[in-house]
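Colleague: The signal peptide annotation in TrEMBL covers 1-26. What TrEMBL records for 39-333 is domain 'Glycosyl hydrolase family 59 catalytic'. The active site, proton donor/acceptor feature in TrEMBL is assigned to Glu182. The annotation active site, nucleophile is assigned in TrEMBL to Glu258. Residues or ranges marked as domain 'Glycosyl hydrolase family 59 central' by TrEMBL: 341-456. Per TrEMBL, domain 'Glycosyl hydrolase family 59 C-terminal lectin' is recorded for 493-621.
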Amino acid sequence: MTAAAGSAGRMLVPLLLCALLASSGAYVLDDSDGLGREFDGIGAVSGGGATSRLLVNYPEPCRSEILDYLFKPNFGASLHILKVEIGGDGQTTDGTEPSHMHYALDENYFRGYEWWLMKEAKKRNPHIILIGLPWSFPGWLGKGFNWPYVNTKLTAYYVVSWILGAKHYHELDIDYIGIWNERSFDTSYIKVLRKMLDSQGLQRVKIIASDNLWEPISSSMLHDPELLKVIDVIGAHYPGTRVSQHAKLTEKKLWSSEDFSTLNGDVGAGCWGRILNQNYVNGNMTSTIAWNLVASYYEELPFGRCGLMTAQEPWSGHYVVESPIWVSAHTAQFTQPGWYYLKTVGHLERGGSYVALTDGLGNLTIIIETMSHKHSKCIRPFLPFYNVSAQLATFTLKGSFGEIPELQMWYTKLGKPSERVLFKQLDSLWLPDCNGTFTLELQEDELITLTTLTTGRKGSYPLPPKSRPFPRVYTDNFSVDYPFFSEAPNFADQTGVFEYYMNPEDPGEHRFTLRQVLNQRPITWAADASSPISIIGDYQWTNLTVSCDVYIENPEKGGVFIAGRVNKGGLLVRVAQGVFFWIFTNGLYRVTGDLGGWIIYSSGYVEVTAKKWYTLTLTIEMMKWRFGEVT
């Protein structure tokens, strides 16, 4: 057996030299005693919330290139699973996503962008698995309470309508449905949901619960045979590669149904590489799903750049294929849902882990990671200290794999920038004269895939356009006859929902508008602000002028504001500060230093009435501001 050559350095060593270099750990990969658990796929989340907001505004071909890096098989991340938020009108981390039913008698299955994203994913990979999960719910379901289980049948109807709408209007088959992201579950609701799915011919749609912790859902299932029967998958978030004993006793599929959420540099890539292996090695989790799919929201919002790749500049077309994309490829390009893990998986003697999977038809994929503690810390949970050091690892293929003649090799090296290698194909490993045995020389922060599959590819496109800041002058009159998306480009709703609206009664310049459409507070997931707000622009702006034509619909308690230097959004939008210029239908105007209206700079009275257009202008220069109102 010869040593592998290439810029990544020597990876394979002749067996005769093993004793000269270091003691070698020995690992057997064998299917003689059967196989382990069925593999369910690697995926990512769009939503929770509004994490793909800016993606839809990208010009072509940049937008299609981004989608290819995410979903196209044997090209980039090649994801097996797409999990999307069922928009519920509430703030769910980085913005709000619109519901398909703002009100009880309202149904619209074209709002938002998740429908479009699922179709684009399916276009690239017809076999991709689709999951829907609510974070917030429209307020009418709560009947005055901030609780979606007041009427379990009504909430089940709302969720099932979303699944049926996906099929009827978009030809999308939803494979799995969740309960309520990271919030309380209701056992009666889960049972009602199953019955309603079945009554609508949706027996194939499986239920995941509870997208929170392993407990108390696992214990509840063990004590309730009916609940145990209707739940197909136990999904936990950020499990730290560990599973509760009660979860194991259910004998259900165990998933890390949300994980990662770490800055997408090399440390984030190390986090992702480590948990993709060790979620199974330590916890028998057969699927790991990253939050989030693509960081396509303003970076200053919470968890900026915590996606598998970054696409936050539709105005320039610039995007970045971050290292987590190529870490994903190490597993996703060389496996498929329906493959099986071998029982012979585990930890390496000097740190790291290995897994092996097979399709049962003779193909084998082995993934080895040696991610150090320093370079693989996820944002959560706490990672106990451990050591990884250079080592020799000897693997022996037995059972049906003993006669494999050749393995393709793909290599990634993280850690020091000078040593960085991402998803590089090395020379093949030939095994005819080795009795299925080979030795690898492993260093820290490496990821290696050995596979019988020859379809792997590091896809690429010409470099995207250069990064540019948000345009210094930006205008929009919302004059779109038939908008493809319900939201205007680059606006990121943080509380409330702003949608294109055509007013047929106004033949003039205000026929096309952007309208805030909610009149009831949603069942919240986060701390929504008391006033609707949508943000746009550059966080770094200090001297600016904002001008907007506004129209107040409610004559009794209506009001509107424009603002600049807004410093917070997402989960923190409720405490956002800046300069806010308000007018109200009672004639009051106010300039405040915060969205809550507690810091008052100026106030007084002007002639303002509802159902009339006004132009508000706010100019901010260094520490000064001035405002005007024009009829």
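The backbone N, Cα and C atoms fix where each Cβ goes, glycine too.
Keep in mind the model is a prediction, meaning the values are calculated, not measured.
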Colleague: What same-chain residues, at least 6 away in sequence, bring their CB to under 8 Å of the CB of the residue listed as 'active site, nucleophile'?
Modeller: Val45, Gly48, Asn181, Asp211, Gly235, His237, Tyr238, Ile289, Ala290, Trp291
Colleague: Restricting to the domain 'Glycosyl hydrolase family 59 catalytic' (39-333), what is the model's mean pLDDT?
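Modeller: Average per-residue pLDDT within the domain 'Glycosyl hydrolase family 59 catalytic' (39-333): 98.
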Colleague: Measure from the Cβ of Glu182 (active site, proton donor/acceptor) and count the other Cβ atoms within 10 Å, all protein chains considered.
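Modeller: Counting Cβ neighbours of Glu182 (active site, proton donor/acceptor) within 10 Å gives 15.
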Colleague: What are the DSSP helix, strand and coil residue counts for the domain 'Glycosyl hydrolase family 59 C-terminal lectin' (493-621)?
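Modeller: Helix (H, G, I), strand (E, B), coil: 6 helix, 61 strand, 62 coil.
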Colleague: Just give the helix, strand and coil counts over the domain 'Glycosyl hydrolase family 59 central' (341-456), going by DSSP.
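Modeller: The counts are 6 helix, 53 strand, 57 coil.
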